[in-house]
Each structure stands twice: as C-alpha cells, then as structure tokens.
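Pulled from TrEMBL:
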| type | residues | note |
| --- | --- | --- |
| BINDING | T11, G12, G13, N125, R166, S199, I253, Q298 | UDP-N-acetyl-alpha-D-glucosamine binding site |
| DOMAIN | 4-143 | domain 'Glycosyltransferase family 28 N-terminal' |
| DOMAIN | 193-355 | domain 'Glycosyl transferase family 28 C-terminal' |
Amino acid sequence: MKRIIISGGGTGGHIFPAIAIADTITKRYPEAQILFVGAEGRMEMERVPRAGYEIVGLPIKGLDRKHLLKNFKVGIDMLRSLSLASNTIRRFKPEVVVGVGGYASAPTLKAAQMLGIPTLIQEQNSYAGVTNKFLSKKVKRICVAYPEMERFFPADKIILTGNPIRPEIEILQGNRQEALQYFGLSQDSSKILLVIGGSLGARTINLAIARALPSIAQAGVTLIWQTGKEYIQQMRKEVAAVSGLKVYISDFIDRMDHAYTLADLVVSRAGASSVSELCLLGKASILVPSPNVAEDHQTKNAKALSSRNATVLITDKEAPELLGKTALDLLADAEQLSRLSESALSLAHRKAADRIVDEIERVLLIQNKPEQKNLPNVSK
C-alpha cells in the first residue's frame with residue numbers, strides 16, 4: 001500500500017475517524033503517501049495539516065434543503081469539484097480512495113469510480129447519509145458502525161467495523177493528576193461534569209448549562225466546558241457572574257483524553273464520533289441530539305444507545321428545562337452512573353481503524369487495477 005486518498009470532512013465526526021484511519025495506515029506502511037481531499041473553508045482544511053497530512057480543498061458545499069433555488073450554484077460547484085478531484089486523482093495516482101462522508105467525498109469518490117480506482121466508504125451513523133447512499137452501488141466495501149445497515153446498503157458489501165476514534169483516546173491511560181494540572185483544577189473529591197457541544201459548539205446545550213450554573217456551583221460540581229468558538233465570549237460572561245463555581249471553559253478542548261479521564265458524566269451532542277468514544281471509554285452520558293442535521297441521524301444514534309440503557313436522551317426542545325437538573329441528579333446517583341457506564345461499554349467496537357485498514361488491504365488484493373497511465377480524462 002503506497003498511495004491512498006482519504007476524502008470527506010465538514011465536522012469532527014468525519015475528520016477524526018479519517019485521521020485515525022490515516023494514522024493506522026502510516027503505522028503499518030511507513031512509506032505510504034496519504035493525501036486528503038476536503039471542502040474549502042471547512043474544518044478539515046485546518047485539522048488535517050495539524051495532524052501532519054497534506055490536504056487539497058474542493059469548492060463544494062452541501063445542498064440548501066430550505067431554499068432549493070440556491071442549489072443551482074451547488075450544482076455548478078459539484079461539477080467543478082468533480083473536475084478538480086479527477087485531476088487530483090490523475091496526478092496523485094492512488095491505489096485506493098476512501099470516503100468518510102461529508103461534502104468532498106461525493107465528487108472525489110465519483111471521480112475515482114469513473115477512473116477505475118477502487119473505493120471504500122465508512123459510514124459513522126446508524127442512519128446512512130445521502131452521500132454514502134449515493135456512492136454505495138459502486139464501492140467495493142462499506143464499513144459501518146451499527147448493525148442492520150442493510151436498509152441502506154447492499155448487504156454483501158457491508159462490514160461491521162465500528163467507528164475509528166482518536167488514537168490518544170483509544171489508548172487512554174487515565175493520568176488523573178496530569179489531567180487536573182492541564183485544566184488548572186484542584187485535587188478534591190467533587191464530581192466532574194464534562195460538557196461538549198460537538199466540534200462546532202451547540203447553542204441549546206450552552207444556554208441550558210449557563211442557566212444551571214448557580215445550581216452546579218451550589219452542588220459543588222466541577223465543570224469542564226467546551227463551548228465552540230461562536231459561544232465562548234457569551235459563556236465566559238455567564239461564568240463570571242456566578243460565584244463559587246469550579247470551572248474550566250474553552251472554545252475547543254485539544255486534550256480530550258484528559259477531559260475524558262476526569263469526567264464522571266458527559267453531556268454531548270450525538271455525533272457518531274462522540275457516541276463511539278463514549279462507548280469505548282464506558283462513560284455515563286446525557287445525549288442531546290442536534291435537530292439541525294440531515295435525516296435527524298443524531299437522534300437515531302442516541303436512540304441506539306438509550307434503547308439499551310447506555311445513555312440518557314434529552315431532546316433539544318427538552319434541554320432548557322431538563323438538562324441541568326438531570327445532570328446534577330445523575331451525578332448524585334453513583335449506581336445509575338455505573339449502570340450507564342457498563343451498558344455503554346458493552347456496545348463498544350475496539351480497533352475500528354485497524355479493521356477498516358484490513359478491509360482496504362482486502363480490496364487491493366482482489367482488485368485487478370487498470371493501468372493508470374491509460375485512464376480516461378473525465379475532467380474535460
């Protein structure tokens with residue numbers, strides 16, 4: 001395995017699994033060259049280079065489901081992106097192209113398929129996204145995180161692998177003292193509530209936690225709070241207005257391994273990566289699915305856990321009234337925290353990135369690749 005393209009992104013839920021796959025390939029094949037293809041202006045253009053990989057951006061955006069007339073330009077951008085992806089593939093000459101969902105993966109994998117390059121997709125959610133459903137007919141393998149995905153994909157292509165998560169979390173060692181020092185927190189016996197609204201932040205969760213700050217301070221609970229860039233200034237003002245609060249607040253937490261080490265309870269959106277991390281680490285959680293995602297897939301992710309008593313599900317509408325009180329009630333109930341933790345752990349899929357790389361290897365073994373120098377130019 002020498003040259004691989006990985007495409008997708010948009011949110012941490014797509015980017016972190018993609019980087020985990022790349023890291024696993026690099027570990028097995030140190031000589032491998034990996035190129036990412038993402039969407040211009042999206043988070044991957046910053047996060048992927050930080051992880052040590054080269055990335056090319058496409059001028060692609062998602063469909064505007066509320067204003068359909070605006071999608072004319074989206075169609076033009078899709079055609080431009082297909083041409084650019086084709087040119088990128090012809091220059092880089094990958095042996096395989098892997099899609100992880102998100103805007104960029106559609107034109108990139110479609111171009112690869114038109115050029116005869118084998119493709120593989122990874123679906124993180126319990127309800128398949130539009131892009132992956134579109135690509136699934138011509139991919140060689142479909143790596144999924146949940147059972148019963150035959151509703152969306154050809155059954156003979158599906159492999160249950162689980163979701164790759166960040167390596168530093170999968171091998172979490174749990175140095176509590178180091179984690180406390182990182183967040184500037186004191187060593188005491190208080191319970192720790194970790195609030196993470198996804199990589200982009202979550203307005204409803206932030207406002208609900210802000211509303212509960214006096215009760216959190218009164219209960220003696222320590223708060224670690226990731227707000228997202230858009231909300232950090234407002235939430236810092238909310239924190240400053242409450243006396244006696246033990247809190248670390250930031251727009252983004254780079255050391256999630258430290259955050260998870262300390263957390264007795266996690267409040268989170270129900271993105272695929274977050275759900276997979278919570279299960280792998282056996283963390284008690286409250287999931288508040290975002291209502292602003294395609295096919296309401298976060299609610300389906302959360303229900304996959306709550307139906308097995310592995311999380312507490314609170315809807316976005318319920319959160320302003322229920323989130324703070326529910327979190328404090330759970331933190332006061334050690335037995336319930338333990339039950340949630342054990343149930344979440346039972347749903348974990350370990351070494352998902354290794355399993356996906358195994359499937360990439362199998363695809364390459366059985367693929368009778370055409371000579372790439374003779375590939376047709378579909379960009380004209």
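Each residue, glycine too, has its Cβ placed from N, Cα and C.
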Cβ atoms within 10 Å, counted per site: which of G12, G13 has the most, among these binding-site residues?
G13
If you count the C-beta atoms lying within 10 Å of each candidate's C-beta, which of the binding-site residues T11, Q298 ends up with the smallest number?
T11
For the domain 'Glycosyltransferase family 28 N-terminal' (4-143), how many residues does DSSP put in helix, in strand and in coil?
65 helix, 28 strand, 47 coil
Including all protein chains displayed, how many Cβ atoms other than that of R166 (UDP-N-acetyl-alpha-D-glucosamine binding site) lie within 10 Å of its Cβ?
20
Within 10 Å of the Cβ of I253 (UDP-N-acetyl-alpha-D-glucosamine binding site), how many other Cβ atoms are there?
21
Distant-in-sequence Cβ neighbours of N125 (UDP-N-acetyl-alpha-D-glucosamine binding site), under 8 Å, six or more positions away:
A145, Y146, A272, H297, Q298, K300, N301
